[in-house]
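J.: Quick paste from Swiss-Prot:
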BINDING   G21, P22, T23, A24, C25, N26, K27, S28  ATP binding site
BINDING   T23, A24, C25, N26, K27, S28  substrate binding site
REGION    46-49  region 'Interaction with substrate tRNA'
REGION    171-175  region 'Interaction with substrate tRNA'
REGION    252-257  region 'Interaction with substrate tRNA'
SITE      T112  site 'Interaction with substrate tRNA'
SITE      R135  site 'Interaction with substrate tRNA'
Amino acid sequence: MIVKFEKFEKLKKPLVIFLMGPTACNKSLLAMTLKDILPIELVSVDSALIYRGMDIGTAKPSNMELLKYPHFLVNIRDPLQTYSVGEFYKDILKIIDYIHSINKVPLLVGGTMFYFKILLTGGLSNLPSSNDNIRKYLLTLLQKKSKFFLFNQLKSIDPISAERIHFNDVQRVLRALEVFFISGKTLTELCRLKNFVSPYNIVQFSLMPESKEWLFNKITIRFKKMLSCGFEYEVKKLFNRGDLHKNLPSIRCVGYRQMWDYFMHNLTYDDMICESLKATKRLVKSQLTWLNNWKKLNVLSSSDTLKNLITKIISVINANIFV
């Protein structure tokens, strides 16, 4: 039975629902279950699910699930392509407007916290243009020192940007440092638009684990299941294409990078498993750090039953729908 919301024209602002949380907390299952009973459309907010042919290692909903529960922003890029934060912001605004136009509510589900934050803060502000002298200085540092030196500089100046930029993504590290040296403000500071008022009534939920230990154990079990379901073969097909490399954003996804190193004989099979689990746990810690500092968040427990979770979500939405 579909639970009806009040008429949309009565809302002061159109409704948008966030369902966030660390990896392996069953966000997708909850979102798909909600779609059975609420007038919603699902939108993926996951920087890994955008890639075609990367299904097992990203824990993407199955083809059958996607057929029954379509998700916007899933399978929209080839692994050779990139997808910037700016592109996401433009796409998500169009998608939200479309969903509202068909009298549905967008439910944004995923674990890429920076994408959620961008929607709350109004996108990326105008960043300073590149400065040739500063860029030359940074390139000289890169040549004389190393990419690790530059990344550590970024970590000390702008730890939030360092959390979301991989140290191998040298161009983005350089750009973040360049922005700071030109403007005197970090990329994170410049991305927070002052006095931005969202045009949406955003109700935010996070699905949180009962403990880190519980989640880490689940991550281990899940990765072993991925291996048994053909994850190695999935990455091997990408590896054999010949046009992909490990510094692409797609191949830097957790698990794919480590399996790539295994194929390049940089890791043993056992080390690949160990490093994949370590990388996943680092990702989880980063996600939890974001969420622990998040404002106006309705926290749900992943150990709760689906029935109870749905009841709580509907109750919170009804309480906030005319705010």
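The backbone N, Cα and C atoms fix where each Cβ goes, glycine too.
Looking at the shown structure, what environment does each listed feature sit in?
T.: DSSP gives S28 (ATP binding site) a helix state. In this view, S28 (ATP binding site) is surrounded by 21 other Cβ atoms within 10 Å of its Cβ, with every protein chain counted.
In this model, the region 'Interaction with substrate tRNA' (46-49) carries an average pLDDT of 97.
Distant neighbours of the region 'Interaction with substrate tRNA' (171-175): 130, 135, 138-139, 142, 147, 150-151, 154, 165, 187; these residues of the same chain sit at least 6 beyond its ends, with a Cβ under 8 Å from one of its Cβ atoms.
Residues 47-48, 51, 54, 57-58, 166, 168-169, 223, 226, 231, 235, 238, 246, 276, 279-280, 283 of the same chain lie 6 or more positions beyond the ends of the region 'Interaction with substrate tRNA' (252-257) yet place their CB under 8 Å from a CB of it.
Under the three-state DSSP scheme, T112 (site 'Interaction with substrate tRNA') falls in the coil class. The 10 Å shell around the Cβ of T112 (site 'Interaction with substrate tRNA') contains 21 further Cβ atoms across the protein chains shown.
Long-range C-beta contacts of R135 (site 'Interaction with substrate tRNA'), restricted to its own chain and to partners at least six residues apart, with a cutoff below 8 Å, comprise L174, E178.
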J.: Cα-Cα separation of C25 (ATP binding site) and T112 (site 'Interaction with substrate tRNA'), in Å?
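T.: C25 (ATP binding site) to T112 (site 'Interaction with substrate tRNA'), Cα-Cα distance: 14 Å.
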J.: Mind checking which residues of the chain, 6+ beyond the ends of the region 'Interaction with substrate tRNA' (46-49), have their Cβ under 8 Å from one of its Cβ atoms?
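T.: For the region 'Interaction with substrate tRNA' (46-49), the sequence-distant neighbours (Cβ-Cβ under 8 Å, at least 6 residues beyond its ends) are 58, 60, 71, 73-75, 83, 110-112, 115, 249-250, 253-254.
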J.: What's the CA to CA span in angstrom from N26 (ATP binding site) over to T112 (site 'Interaction with substrate tRNA')?
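T.: Per the Cα atoms, N26 (ATP binding site) and T112 (site 'Interaction with substrate tRNA') stand 15 Å apart.
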J.: If H, G and I count as helix, E and B as strand, and all else as coil, what does DSSP give for R135 (site 'Interaction with substrate tRNA')?
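T.: R135 (site 'Interaction with substrate tRNA') sits in a helix per DSSP.
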J.: Enter the number of other CB atoms within 10 angstroms of the CB of G21 (ATP binding site).
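T.: Excluding its own Cβ, the number within 10 Å is 26.
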J.: Within the same chain, and leaving aside T23, A24, C25, N26, K27, S28, name every residue whose CB is within 8 angstroms of the centroid of the CB atoms belonging to the recorded substrate site, in sequence order.
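T.: Going along the sequence, the neighbours come out as G21, P22, L29, A59, G111, L207, S302.
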